[in-house]
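Q: Annotation source Swiss-Prot lists Na(+) binding site at GLY74, THR77, citing sequence analysis. Summarising the annotation, Swiss-Prot assigns transmembrane segment to 5-25, 34-54, 67-87, 95-115 and lists sequence analysis as the type of evidence.
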Amino acid sequence: MLLNIAVICLAACVGALMRWGFALWLNPGGLIPWGTLAVNLIGGYCIGIALAVFTSRPDIDPAWRLLVITGFLGTLTTFSSFSGEVVTMLMQQRFGLAFGTIALHLGGSLALTWAGMRSALWWLAR
């Protein structure tokens with residue numbers, strides 16, 4: 001149990017720092033918070049790969065799933081920042097921008113999760 005906690009904490013630290021780095025790099029001054037979108041899309045693709053690999057390879061130690069999905073990707077991606085940014089847009093009556101942002105995050109994340117799964121399954125079948 002202690003090893004699982006350590007694995008999650010270590011990976012969560014890396015994911016959170018990467019998310020912060022993307023926000024510092026891409027969010028300032030833009031029409032939409034590009035850093036938040038980037039981490040959610042990258043995370044969507046990566047979780048698709050991870051889910052396909054872990055499902056196809058049940059022999060992989062479960063600690064790896066905790067490290068990759070729960071720790072790293074769980075903190076790299078952010079639903080809370082996305083929600084806060086969209087609600088702020090709505091409160092500013094920037095409705096088109098808010099709904100466009102919702103479409104980009106949800107549609108993009110779902111599409112890239114699917115693409116990540118398909119990519120990994122293709123690679124594993126080779």
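Cβ atoms are placed via backbone N, Cα and C, with glycine included.
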Q: Would you identify the secondary structure of THR77 (Na(+) binding site) according to DSSP, in three states?
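A: It is coil.
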Q: Please work out the number of neighbouring Cβ atoms within 10 Å of the Cβ of GLY74 (Na(+) binding site), leaving out its own Cβ.
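A: 18, counting other Cβ atoms within 10 Å of GLY74 (Na(+) binding site).
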Q: Validating a neighbour-count step here. Other CB atoms within 10 A of the CB of THR77 (Na(+) binding site): how many?
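A: Taking every protein chain into account, the count is 22.
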Q: Please figure out which one of 34-54, 67-87, 95-115 racks up the most CB pairs under 8 Å against the transmembrane segment (5-25).
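A: That would be 67-87.
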Q: Under an 8 Å Cβ to Cβ limit, what residues of the same chain, 6 or more beyond the ends of the transmembrane segment (95-115), are close to it?
A: 31-32, 36-37, 40-45, 47-48, 51, 77, 82, 85-86, 89
